[in-house]
């Protein structure tokens with residue numbers, strides 16, 4: 001991976017579709033030219049069959065791009081709505097679930113669909129677009145593939161429904177009152193496309209995130225047997241009694257858009273604790289989850305690789321971060337406002353779906369955008385970790401894909417394209433490793449490269465019959 005040059009390659013599927021799919025509007029054409037290339041590079045690098053590459057791109061063109069909002073303004077900043085998905089306000093984040101010795105990579109992305117009136121009295125929390133999109137999915141897809149029961153439940157329970165008061169709180173200085181509150185996950189799996197809905201609760205009069213008990217109340221109102229909540233009960237006990245558990249702060253909930261009996265219920269938390277010992281304590285739920293010593297050793301090694309730690313770095317020490325000016329700019333600080341703390345520390349989720357087991361599944365996230373001198377070196381270090389474990393088959397395709405995503409800048413010229421790296425322990429003993437990738441849609445280099453004298457993307461002036 002170290003010797004790979006910054007050469008951008010174009011996939012066959014992208015070349016074909018970009019030639020024949022008709023242009024629509026300047027805004028949609030901009031997002032298609034940018035993110036369509038990214039999706040094409042991801043699914044090709046992951047080794048998807050050509051028909052699955054076309055499926056992902058056609059889905060992206062017809063279902064995702066129309067909800068990405070206006071193209072950037074002339075100065076390269078978001079025109080109407082700054083999503084909290086990216087530090088710069090990008091409304092999309094990709095993910096690359098790494099191969100194991102027995103499996104191929106999977107590609108996913110998360111978007112924040114942007115409506116016609118985000119942040120206004122009509123739609124203060126920018127939820128209309130996502131709800132419209134889900135309704136359209138429900139009409140066009142088999143009921144076995146799309147179920148809205150839990151989605152509708154949490155929409156009703158995790159938000160207040162007084163738009164005027166949200167706007168009043170925003171006018172009084174609360175940036176959270178008109179900020180990202182829902183996101184849509186799209187999984188391009190080889191067996192088909194799946195969806196998840198992410199909720200970021202907003203309650204009037206609360207500056208901080210809602211409490212554990214408020215989340216608990218919303219879950220308790222689900223139509224499930226109370227005796228099936230073993231995993232949730234074990235987690236809450238850990239949160240209430242363990243020092244590391246007490247450091248965790250909830251900020252989101254996510255469900256699969258399938259029948260409740262098949263859905264995960266992922267509860268997301270943030271902590272400022274970053275020591276290796278704290279990771280061990282949380283991944284084992286304070287010793288409740290056992291038999292994972294080998295996986296913990298592998299995870300410790302991964303942390304040292306990603307964070308650039310020496311082999312003798314103490315396991316009880318907090319991992320140092322670079323200065324904030326090195327990891328995000330003023331626009332990101334303005335964008336996140338009261339949520340600034342979540343830009344550092346670790347994230348975890350716990351799958352506490354009722355009836356799925358006595359203990360939750362735990363996933364750890366490190367904000368990899370903070371670490372390493374640049375994106376190339378971070379990718380090379382992670383690739384070496386994969387290679388040492390017999391998982392290096394996709395290292396070169398991954399690096400080529402990164403070059404496509406970073407066409408606006410060299411991989412060695414900065415960091416932040418690889419936003420997070422996560423780890424989940426599988427019953428097989430494998431570590432599920434995922435790298436999350438930012439679009440950097442509003443990066444100055446990106447806008448300069450895409451811009452034309454008329455302010456439109458290259459396809460925006462072409463219409464049917466103009467040949």
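The backbone N, Cα and C atoms fix where each Cβ goes, and this holds for glycine too.
Residues annotated as L-tryptophan binding site in Swiss-Prot, with similarity to another entry given as evidence: 93. As annotated by Swiss-Prot, dimethylallyl diphosphate binding site applies to 108, 196, 198, 266, 268, 436, with the evidence given as similarity to another entry.
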Local Cβ density at residue 108 (dimethylallyl diphosphate binding site) - other Cβ atoms counted within 10 Å
20
Sequence gap of 6 or more, C-beta under 8 Å: which same-chain residues meet both conditions with respect to residue 196 (dimethylallyl diphosphate binding site)?
184, 185, 187, 254, 255, 256, 257
Taking the Cβ of residue 93 (L-tryptophan binding site) as the centre, how many other Cβ atoms fall within a 10 Å radius?
21
